[in-house]
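Some notes on the structure that comes next.
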Amino acid sequence: MSHPQAEIHISPIKEVNSGIWSLFVAATIFLGLRVWCKVAWRHGLWYDDYVLIASWVAFLITCALTSVQFAVGYVTKTWGDRMLILVSTSSCFTLVAQFWSKTAFAVTLLRMTNQWQKIVLWFIIATLNIYMVVKLFVQWAKYCDQDAFQNYWRMPGFCLDYDVVDQIKAGGNVANIVADFVLALFPWMVTWNLSIRRYEKIGLCITMSLGILVAIVATVRTWWQWDPKININHHDKYFFWRQGMLIIWYQAEVAGTIIVQSIPVLRPLIQEIRTANTSRKLTSAEGRYTTRGGIKNRHHMDERDDNMWLGTMGTTHTTVGRGSMTPSEVLIAIQASHTAPLESLPSPSEYLGPPSNHPKTSLSPNENWPLKS
């Protein structure tokens with residue numbers, strides 16, 4: 001039996017349930033979008049996706065068990081064997097979700113790295129999963145000379161020294177944090193020499209290195225958990241409150257790891273949305289030309305709209321423009337930029353040929369295309 005000493009306890013049940021399920025919903029949305037983007041763009045799922053989905057399943061089970069244990073009497077003076085089994089089981093699934101979510105990112109990086117980098121990644125994967133297995137084993141072992149850890153459902157025949165168990169847990173936390181920081185730096189080594197534009201390179205590195213935020217969360221959580229001044233295991237009236245906040249910190253780490261791995265995969269979806277919005281605006285702008293009348297008026301609107309649409313593309317006339325571009329031609333340039341740098345795009349005439357070959361617009365066959373000076 002476990003006997004918290006305080007007579008009155010502050011319950012964190014509302015905060016814990018709202019916190020962990022909000023984190024789970026956020027992680028589910030991003031993971032769902034990641035899977036949808038890969039399937040919709042016919043990339044297919046790879047090993048990293050399956051490992052990440054497995055960590056999400058463990059995350060779901062953890063949240064469910066946590067809600068159950070709070071519902072059936074977590075905040076009580078005395079814990080029976082049922083509660084202890086629930087707590088140990090939810091702790092095990094937390095470990096699995098935590099370590100497998102990081103393993104998934106390491107597996108992702110295996111596809112982009114050279115030989116020595118692969119060796120480092122495999123070492124990280126092996127270290128994380130060995131620590132996970134050891135900590136799962138420790139969770140169900142008996143502790144020597146500790147009456148509270150001699151339950152019938154713990155593994156019989158041997159016991160572990162309590163101080164050794166603490167050192168194992170501390171080592172697992174350190175390995176977890178170091179792995180987060182190392183994995184967050186890998187994208188910079190992997191992508192910096194790619195033949196893509198510098199701003200795209202920096203953006204890709206930043207999105208793939210968002211795991212540094214998870215590393216910071218893990219560091220703060222570990223400091224808060226092991227700081228003797230805070231002493232989260234002190235059995236006062238805030239004992240269960242501190243345990244509840246620790247549960248939220250653990251789930252935030254898992255949810256954050258899933259989310260930051262999903263964000264880089266969403267780039268095609270974001271680009272598709274931007275292109276669709278730009279196309280819709282261009283179509284609307286072309287429709288206005290038919291109602292305003294006069295080449296002079298259209299010429300004025302061409303200048304204003306070209307500036308606006310080129311701004312949407314994230315560049316300027318000096319980057320793309322080699323003369324006048326109507327909204328239709330700007331849209332063609334946007335589509336072409338999906339496969340070639342904007343700086344290397346041919347002029348509108350190279351795309352469409354002479355004005356006689358241009359697509360139908362609101363201009364009559366006898367009207368000339370407006371030119372800018």
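Any Cβ shown, glycine's included, is placed from N, Cα and C.
The transmembrane segment feature in TrEMBL is assigned to 20-37 (among others).
Each residue in the domain 'Rhodopsin' (33-271) has a pLDDT score, and their mean in this model is 89. TrEMBL lists 33-271 with the feature domain 'Rhodopsin'.
The transmembrane segment annotation in TrEMBL covers 49-72 (among others).
Sequence annotations record features per position, and here TrEMBL assigns transmembrane segment to 84-107 (among others). Nonlocal intrachain contacts for the transmembrane segment (84-107), taken as residues 6+ away from its ends with a CB within less than 8 angstroms of a stretch CB, comprise 2, 46-49, 51-52, 54-56, 58-59, 61-62, 65-66, 68-69, 72, 74, 121, 124-125, 128-129, 131-132, 135-136, 139-140, 151, 153, 176, 179-180, 183, 211, 250-251, 253-254, 257-258, 261.
Per TrEMBL, transmembrane segment is recorded for 119-138 (among others). Sequence-distant contacts of the transmembrane segment (119-138), counting only residues of its own chain at least 6 positions beyond either end whose CB sits under 8 Å from a CB of the stretch, comprise 92, 95-96, 99-100, 102-103, 106-107, 109-110, 113, 160, 165, 168-169, 171-172, 175-176, 179, 182-183, 186.
Through the fold, the transmembrane segment (170-190) approaches residues 98-99, 102, 105-106, 109, 112-113, 117, 120-121, 124, 127-128, 131-132, 134-135, 204-205, 208-212, 214-215, 218-219, 222, 225-226 of its own chain, all at least 6 residues removed from its boundaries and within a Cβ separation under 8 Å. TrEMBL lists 170-190 (among others) with the feature transmembrane segment.
Nonlocal intrachain contacts for the transmembrane segment (202-224), taken as residues 6+ away from its ends with a CB within less than 8 angstroms of a stretch CB, comprise 105, 173-174, 176-177, 180-181, 183-185, 187-188, 191-192, 196, 230, 232, 246, 249-250, 252-253, 256-257, 260-261, 263-264, 267. Taken from TrEMBL, the feature transmembrane segment applies to 202-224 (among others).
What TrEMBL records for 244-266 (among others) is transmembrane segment.
As annotated by TrEMBL, region 'Disordered' applies to 342-373.
Summarising the annotation, TrEMBL assigns compositional bias 'Polar residues' to 358-367.
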